[in-house]
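Trainee: The structure is given below, and queries will be raised subsequently.
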């Protein structure tokens, strides 16, 4: 079937024309529309069809394709159903090549080899896997070639010559050239420097055809791009037209749009019998066009993986962002002046944060001696300021004037806005609309500090969606923008970078505890776990001190036996999400779950890869605390120690108290109080009527009997 792709481009070249490639998301606008739209494409004169495999978190795509994915998933489309649509289209006479385009996690969840075999049987010709890194592509391509199909690599304006050389070896039918940095979507004009990009790519791809996409929507665009490329890809425009078309008219809309692009030109297509004969022969005699490299190793100063977890599972355009960031980070941490600059800010932060015993909490829990590491006393009220200031220093070293950040509870947003105000950089914070509602105080704090807050209305309107939007913005505005990721999540180098800057928490804890306990180590350290910034910061300095138990407490929401929780390590499975392989809350089709937590800062369906590694090796243990249990932790610390903790930290307080009960009175554990709780007072007031009775806590005002 890869041979059919090669023949398609060869025929177009022989006929002195460009191959037209059109895109549609499977199951959009409805499931029953998909096959008619594909037939409309073919009848209009399309050479190749890209069929999008719906995914819950398509970070490389703009609003149009995002919407089509969301609608398709709401329509119940799964990966097996997508393959069934391909099979149905073939049986109804669609014989032009069909390429399945999508993201890696649903394929990984399905099983790569089984998925490729099933796709070949259904009648697919190949795949574009948007976020598949080259080192993984080498393995996957072998499965694909064994089944006679093709893996089409994506290259971007930012793709290095080294990567171009590798990707040209991967290509056995054609290469998809992303014409501009950013996400998919209609543009008013084609990229002005396209000639130069195509020329650079051809140095490595030689005679392999190049198809160019991103922003093409008119016949004029088609002709302009076609003057330098072999094929032209159109996606968002036709998705919009079909979505807007009335029911029963979508075949006609697809056909007429393609005819307009091609000015009515047609080409010969295979009959149904010819196609099935071609498919049968292809499956029997799969062959590889050219040799492929066995391995691909880019140089990295710091390992990009933690065991099986980590990596850089991102769209090709994002590699430029990560490469620049990694180089800047490597140089900074090797430069003593960077650390001098950072440590000179300790007095501004309020470091070292205090460590002290919680006498009354210890007495209440009746077990180990409980200590509190008071990150809530930092400037801005949480541990987030450590990472935010360090990354803003890094942004200045890289010459960036604009800083963006994502935030859930708002603590990271406030910390980043604070750092930007101190150093004179502009700050834009992406925040889910639901989090904007429940964390109004922090939103106003950010605005007071001069930051612009963008409420993200996609998806669940929480941290996950804010993170996706921040990545999309970054790749479009790399030249001037630095992205301060707030947790130990995302592609390399972010997990290493955030852990490095937050490890001051664990280092101080170790030193302070030893100074007060004759050089001893604590027996356990406890932290809440969302993405992992405070937990990796607390745990990493103790990683090799195996006598110290590491306990992470996740957000159990309504309970891990329900759908309403954020306990990724407790209830998730390995997958790929936001550019990294880690534990992910996902359904049976590999779609990322909606999450729930009373705490906005823990409301995230992934987790840092280092935490995933520690779980897999047994070095750290993880439990989940429900919303009610977290509220109990909130109450205990408030009323026994006079410290109102953040709801995030309240999970750790509850988990630590339960752990302390199993320990001896001469043992010691430390809780990382990652943030203060003034931001959560309104949230607690909202949930108390529901959760208060579960823990025996009623704060309602009694009526004055004398009134």
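From the backbone N, Cα and C atoms, a Cβ is placed for every residue, glycine too.
Annotation source Swiss-Prot lists region 'Tryptophan synthase alpha chain' at 1-297. What Swiss-Prot lists as active site, proton acceptor is 50, 61, and the listing cites similarity to another entry. For 298-707, the entry in Swiss-Prot reads region 'Tryptophan synthase beta chain'. Summarising the annotation, Swiss-Prot assigns N6-(pyridoxal phosphate)lysine to 384. Taken from Swiss-Prot, the feature phosphoserine applies to 540, 683, supported by a large-scale study or a structure entry.
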Trainee: For residue 540 (phosphoserine) and residue 384 (N6-(pyridoxal phosphate)lysine), determine the Cα separation and express it in whole Å.
Mentor: 16
Trainee: Any idea what the model's mean pLDDT is for the region 'Tryptophan synthase alpha chain' (1-297)?
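Mentor: Here the predicted model's pLDDT, averaged over the region 'Tryptophan synthase alpha chain' (1-297), is 91.
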Trainee: Determine, using Cα-Cα distances only, which of these recorded positions is closest to residue 384 (N6-(pyridoxal phosphate)lysine): 50, 61, 683.
Mentor: 683
Trainee: Give the helix, strand or coil assignment DSSP yields for residue 540 (phosphoserine).
Mentor: helix
Trainee: If one measures from the C-alpha of residue 683 (phosphoserine) to the C-alpha of residue 61 (active site, proton acceptor), what distance in angstrom results, rounded to a whole number?
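Mentor: Distance (Cα to Cα, whole Å): 34 Å.
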Trainee: Under 8 Å Cβ-Cβ from residue 50 (active site, proton acceptor), six or more apart in the same chain: what's there?
Mentor: 21, 22, 23, 24, 98, 99, 100, 101, 128, 233, 235
